[in-house]
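Now, the feature entries from TrEMBL:
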BINDING   Cys13, Cys16, Cys32, Cys36  Zn(2+) binding site
Amino acid sequence: MTQAAVKVRKVACPSCGETTEYSPTNAFRPFCSQRCKLVDLGDWATEKFRIPDHTPPDLPESE
Ligand SMILES: [Zn+2]
């Protein structure tokens, strides 16, 4: 066992499912590309920030 070579870990891109390298050279890991990363973040953002406007709900006046 003399091989100290870094074994590149492969992961499936969470966005498109494409196999990509999970390594420091892949700036977009665990995504395969910048596009996939942005797409995923975009999805996340639109989901998370889809908050209704700040109108207070009309609470029923029931005591
Ligand atoms: Zn991808």
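Note that Cβ sites are derived from N, Cα and C of the backbone, with glycine treated the same way.
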For Cys13 (Zn(2+) binding site), the three-state class that DSSP assigns: coil
Cβ-based isolation winner (fewest other Cβ atoms within 10 Å) among the binding-site residues Cys16, Cys32, Cys36: Cys16
